[in-house]
Amino acid sequence: MIRLAPSILSADFSCLGEQVGIIEKAGAHVIHIDVMDGHFVPNISYGATVMKSLCGKTKLPFDVHLMIENPDRYIADFVTDQTEFIVVHQEACPHLHRTIQYIKSFGVKAGVAINPGTSLSTLDFILEEVDLVLVMSVNPGFGGQKYIPSALAKVEALKQIKELHSLNYEIEIDGGINLENVKTVTDAGVELVVAGSSVFGAEDIDARVKEFLKIFEQ
Ligand code: DX5
Ligand code: ZN
């Protein structure tokens, strides 16, 4: 099953609850939570308090994307009954194996993300351990950037490796996804689709979510 994870980074924070209600009613599956620290990435977004303000207000699970240095220090803050995934960056984790085990110790699924310039081979010895691999299709830090097409080869390789070795991770893509390019990435093996500006920047958010879901059915 392919799932849509709208990123609230592009939502209107003056009415966040309302906007999340719209995507939930329209059929979105997951809420993507982009946490930026101004160090690992050149931008600051929001922290666990904002995410936790949605607990109980929506039934959708959270997909927490930590674009921060020293994520181990903050992982526990993002554990809630609604947290499905906590995703850390390979580039931010000198002890990636330990960090992945730490996330799993909370009973939360653990994911690893790689930047556009990072080789998939850096994950060779962790793929067996993770529940999710997030392929960045923009350089992390900002919503509304242009999709980097070389992400597709990583998705294809991840799908092949997964099948060859009977591994269990889901494949996620994040950055610059829109109605024009989404089918290409889902055909290649993406199961969790992040979309920020193309959902919350739409004039009709409800209709846009439904357009994505319709493409998933094709
Ligand atoms: C980028 C974030 C993305 C971003 C996606 O650093 O990780 O999740 O919000 O936004 P769009 O879909 O606008 O590229
Ligand atoms: Zn993200």
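Cβ coordinates are placed from backbone N, Cα and C, and glycine is handled just like the others.
TrEMBL annotates His32, Asp34, Asp174 as divalent metal cation-binding residues; of His65, His89, the candidate listed for that same site is His65.
Site extent for substrate: among the recorded binding residues Ser7, His65, Gly141, Phe142, Gly143, Gly144, Asp174, Gly175, Gly176, Gly196, Ser197, the largest C-alpha separation is 16 Å.
If you take the Cα of His65 (divalent metal cation binding site) and the Cα of Asp34 (active site, proton acceptor), they are about 5 angstrom apart, rounded to a whole number. Under the DSSP three-state reduction, Ser197 (substrate binding site) is assigned to helix.
In terms of Cα spacing, the binding-site residues Ser7, Gly141, Gly176, Ser197 that come within 10 Å of Asp34 (active site, proton acceptor) are Ser7, Gly141.
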